Amino acid sequence: MESHSVRVAVLGGGSFGTAIANIIAVNGHPTYLWMRDRDNAEVCAQARENSKYLPGYPLCEALNITSDLALAVDEADLVFVSIPSHSFRSVAQQIKPLLASGAQVVSTAKGIEPDGGFTLMSEILQQELSGHPIGVLSGPNFAKEIVAGQQTASVIASESEALTARVQQTLRSETFRVYANHDRGGVELGGALKNIYAIICGMAAAMGAGNNTQAMLLTRSLAEMGRFASAMGANPMTFLGLAGVGDLILTCTSDLSRNYRVGYALGQGQPLDDVVAGLGQVAEGVNTLRQVKQKADDMDVYMPLVSGLYSILFERREIADVVRELMTGEQSYDVEYGRAK
Ligand SMILES: NC(=O)C1=CN([C@@H]2O[C@H](COP(=O)(O)OP(=O)(O)OC[C@H]3O[C@@H](n4cnc5c(N)ncnc54)[C@H](OP(=O)(O)O)[C@@H]3O)[C@@H](O)[C@H]2O)C=CC1
Ligand SMILES: O=C(CO)COP(=O)(O)O
């Protein structure tokens with residue numbers, strides 16, 4: 001196991017990039033946090049705080065905050081890309097000529113490329129940065145709770161044992177644990193798909209859903225996620241782990257989740273465009289819903305919750321009508337895996 005210091009770059013000065021960079025800097029590794037906005041980088045570096053995304057949480061003195069991408073990435077052994085899915089590819093393209101050979105690259109984004117033929121973030125890394133070991137970090141990880149020092153666990157998924165070992169070693173601390181998984185696709189789909197169901201659960205909460213309803217929604221969400229991921233070639237057992245059911249429970253039950261808050265506002269009757277504009281941060285679930293609906297239709301995968309939410313958000317159907325249809329639809333099997341055909 002590696003014990004010497006690792007040079008790390010974290011790209012994206014939003015809430016999650018800042019939280020991850022801070023853990024690694026506290027652990028004593030030379031760490032560069034890159035944010036595109038020069039003024040913002042200077043203010044954060046001076047104040048030792050990211051007041052735009054994580055106000056009130058002091059950052060480690062040793063964390064280097066910069067808007068100079070070449071400086072951040074130049075000699076990095078390990079690069080985390082914490083950029084929302086809509087801009088992920090453009091940043092991957094920018095770092096291509098800057099990366100040291102052998103640099104390992106990890107996505108922390110939980111989304112699917114808009115209008116990109118259902119491309120996951122780690123597939124973008126594969127396409128743009130071929131030859132570099134790549135991985136995905138995903139789990140029940142609110143940035144705010146990480147910087148507040150709440151005990152947290154995550155999953156690193158990669159085909160490269162060297163990468164998973166290095167990420168476990170650089171991120172581990174008294175408050176942060178990292179588990180390994182080889183099912184990169186499953187871990188990545190878990191992080192992306194749960195955002196759709198967080199919107200649904202937020203919407204249900206705003207409409208007064210009781211405990212029975214919330215439990216039904218969470219469990220049927222998990223069934224849909226597993227069914228879709230299985231059709232995509234992922235291992236459905238991955239969804240029993242932190243990046244599956246763990247992150248689903250977290251985001252479907254807390255208003256710290258931006259996707260849950262989007263759903264809650266929609267359930268209160270606010271228009272989607274206003275809700276998204278007022279958020280000030282990324283809620284990946286809205287785009288993910290479009291991508292997953294299209295892909296599920298293409299693959300003929302049964303996803304009633306996805307179809308229902310899609311029809312509310314993009315076909316202007318009334319929530320009450322969709323709920324009635326879902327509740328009176330075909331009653332099928334509870335647990336699909338292992339069921340005799
Ligand atoms: N927040 C959380 O708790 C968690 C988030 N994630 C995932 O991490 C990803 C990032 O989310 P998060 O940090 O929360 O997002 P935020 O909305 O907090 O911040 C987004 C960041 O990305 C930057 N950015 C956007 N477009 C570009 C671009 N073209 N070039 C460079 N930088 C850009 C923004 O810069 P600017 O300020 O200049 O606009 C901002 O720093 C998402 O996919 C999310 O799902 C994963 C786990 C937990
Ligand atoms: O992914 C997250 C926590 O694991 C954050 O969820 P939101 O993007 O909904 O805030």
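Glycine is treated like the rest: Cβ placed from N, Cα and C.
Record check, TrEMBL: substrate site residues include R258, N259, and the candidate from K52, K96, K110 also listed there is K110. Checking the candidates Y53, Y264 against TrEMBL: the one annotated together with S15, F16, R36, K110, A143, R258, V282, E284 at the NADPH site is Y53.
In sequence order, G13, S67 make up the list of same-chain residues 6 or more apart from R36 (NADPH binding site) whose Cβ falls under 8 Å from its Cβ. Looking at G12 (NAD(+) binding site) and E284 (NADPH binding site), their Cα atoms lie 15 Å from each other. Around G14 (NAD(+) binding site), the same-chain residues at least 6 positions away in sequence with a Cβ under 8 Å from its Cβ are Y53, S82, P84, Q281, V282. When the Cα positions of S15, F16, R36, Y53, K110, A143, R258, V282, E284 are compared pair by pair, the longest gap among these NADPH-binding residues is 22 Å. Across the range of the domain 'Glycerol-3-phosphate dehydrogenase NAD-dependent C-terminal' (183-323), the DSSP-based residue counts are 109 helix, 0 strand, 32 coil. Between the two most distant C-alpha atoms of the annotated NAD(+) binders (G12, G13, G14, S15, F16, G17, A143, R258) there are 18 Å.
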